[in-house]
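Visitor: Let me begin by handing over the structure; questions about it come next.
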């Protein structure tokens, strides 16, 4: 559902209400999980949950890409993903508290209370989001007309073209453009390998359990590595934006994770394996940079960027499907499983290097004039003139200043 959802978000004026409504619905579905009586009901709930949740991540990434330039986007994506990383930490802590203290409360099992509490919290935040989330740089509430014009102009100056679709563009034009661009398929395969390598995320408490501790202490020890991952991700994203470089800031954290995998395969020592979990969680930092690499590699038109983000992310979820089988190999502290994800990280590095070479080659062609850079709409100068304190410039001069290139 990610691709049709992003196609829809790209065409509506109030994405904030759409995102909030989707979040409210999946919070309700998650709460209802606590009422399930059998396997069939659980499968149905999980299907509906995934069906609705699919709208959030690619939609949030798209909205961020409409407000922030390519030189600012990685930090913002990192802040977004820190919500995910911190939730990995706090879900373990909440789980430990609920499972320890709420079994039998009001006649309900502790695991049911876990869904009731987390689902209710999700719905509360969704209602708040209706009033907090902005929409688009063209129509957001709480901004003056001048501020909205500045927001639009910033995006125009970023790549030399207004961040809007043409009036005659059809509903499926963005999808068609993505299907025809082979860079999308290269990123899809690379990102899927990366996701498979990161599949330890879903089994993190189980991997922490290899330390040989009881259940609740295991959940508590699962939290600190994700706090570490959050800090590493913020620093890595900030440095990526500052240096305007993607490849090294993706491969660097992957190499950190590889060291963690090797330690976990090489020893059963508790201290070493716990340190390895920190390194493995830190490999998420490159995953965040990859998302901004997608946005910067397909900047215009927005319809194409929307579908590219959704399609690459949706396809990469096959890595999580594979991960369910990867981590079913339990013997010797999951040594075989670690071997598989090590290989997946190796494939990811090779894929990222190929993507980098492709973009470097395209930058050379742009510099030589063999491919035309993005053209500036004629209304850039008019938009600039409307903003107080900004000096109107000719379109030709503006075009020379832009110098669009792909970030590598």
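Note that Cβ sites are derived from N, Cα and C of the backbone, with glycine treated the same way.
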Visitor: Which range, 306-326, 369-389, does TrEMBL list as transmembrane segment?
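Guide: Matching range for transmembrane segment: 306-326.
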Visitor: Go through the chain and flag residues at least 6 beyond the ends of the transmembrane segment (111-133) whose CB is under 8 A from any CB in it; none is fine as an answer.
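Guide: Same-chain residues near the transmembrane segment (111-133) but 6 or more away: 15-17, 19-21, 23-24, 26-35, 91, 94-95, 98-99, 102, 105.
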Visitor: With Cβ distances under 8 Å as the criterion, find the stretch in 184-204, 216-238, 250-268, 274-294, 306-326 that has the most pairs with the transmembrane segment (77-99).
Guide: 216-238
Visitor: Which listed range (17-36, 216-238, 274-294, 306-326, 338-359) shows the maximal number of Cβ pairs under 8 Å with respect to the transmembrane segment (250-268)?
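Guide: It is 274-294 that shares the most Cβ pairs under 8 Å with the transmembrane segment (250-268).
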Visitor: Counting only CB pairs under 8 A, let me know which of 17-36, 184-204, 216-238, 274-294, 306-326 has the most with the transmembrane segment (338-359).
Guide: 184-204
Visitor: Considering only Cβ pairs under 8 Å, which range in 17-36, 184-204, 216-238, 306-326 makes the most contacts with the transmembrane segment (274-294)?
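Guide: It is 216-238 that shares the most Cβ pairs under 8 Å with the transmembrane segment (274-294).
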